[in-house]
Amino acid sequence: MEESLTNTVRDEPVIRQDTTTMETDCPKDEQCPIVPEPDKIPTVPEVAQNQSTLEVPPEADRSDEPDKANGTLSKRQRKKLLKLENWEQRKKEKRLKEKEKMKAKRLEAIQQGLPVRTGPSRKELKRRKVSYAEATIEVAVDLSFDQLMIDKDVAKCVKQLLRMYTLNRRSARPVPLHFVGIEPGGAVERHLARNDGYRHWDVRFSSEHFMQLFKPSRIVYLTSESEHVLERLEEGCVYVIGGLVDHNQHKGHCYQLAQQHGIRHARLPLAEHLVIKTRTILTINQVFEILLNVHMGKEWQQTLLDVLPARKGVTPKTVPVATEHGAKAPESGNAEDCQATAEQSG
């Protein structure tokens, strides 16, 4: 035991001497050729540092989460906002290019002696106003479904509203349009605001519920689940189309609303005039176009064939002889007792 301790003591000066010699012989220069050996045993501090690095996991990437303390946006939210701003800028540039392209086509048509337009001019359309006093029917779109639609479906809904407005504006016999139930600051209002000048449309916008705007006896809610079939458009009635684009996730929701409010409900006579092998769910603008054409005096069957897309593969069905305005002889009724039904876009 004593010999081993003696040998250990004797070895210490040797180690110190080697270390001293190494420090003395090694030139303290940046170009020193002496490099540490790769299999050098790491010192105790290095081992501790490596162990701490391995044991402590890296923090998760929280760039997508908003900083609630500072109230700042997350990285993903900033990218989404920037993408939306870029799209708005590109949309304006695209509109300018489309105007220049249409202007060039118009000049080319004038030079070739071709007709410039087939419909009314923009100035004529701007001067055209719907006379609410002389209207026989009115159409309202219930837009109180912000909470039932994702943002993508809200955008589709607003696009269909734009098509409705365009159809009504270019119609020879337009009807009063009401966009009601718009939540202030909601998704529908936000997407509507992306259309420049939408407040100047010949449409009545309102945040109030349709039950507060019209007499309940005049309202007919359009829903495909209704057992009543629309045979004619009754004068004085307000036909409400549910502005719900949900890909049939909330099936029967508008029908339940009509029952809760105790108002009339109806569906379009699709099965009575057509043979359809697919679903009979229509878009908001398709329902409105059908009502608009029938209001102009067209046949039900021909109107349905013209409006429904060809992919549905519809064929005409033999129907009883119809009277004027394309509807069967209706029972007596008036503006306060309209026996009507219609299709909801679902």
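Every residue gets a Cβ built from N, Cα and C, even glycine.
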For which of the residue intervals 107-130, 323-346 does TrEMBL record region 'Disordered'?
323-346
Around Gly242 (S-adenosyl-L-methionine binding site), how many other CB atoms lie within 10 A of its CB?
26
Which of Leu222, Leu268, the listed binding-site residues, has fewest other Cβ atoms within 10 Å:
Leu268
Counting other Cβ atoms within 10 Å, pick out the least crowded of the recorded positions Asp246, Cys254.
Asp246
Separation of alpha carbons, Asp246 (active site, proton acceptor) and Cys254 (S-adenosyl-L-methionine binding site) (Å):
12
Largest CA-to-CA spread of S-adenosyl-L-methionine binders Leu222, Gly242, Cys254, Leu268, angstrom:
15
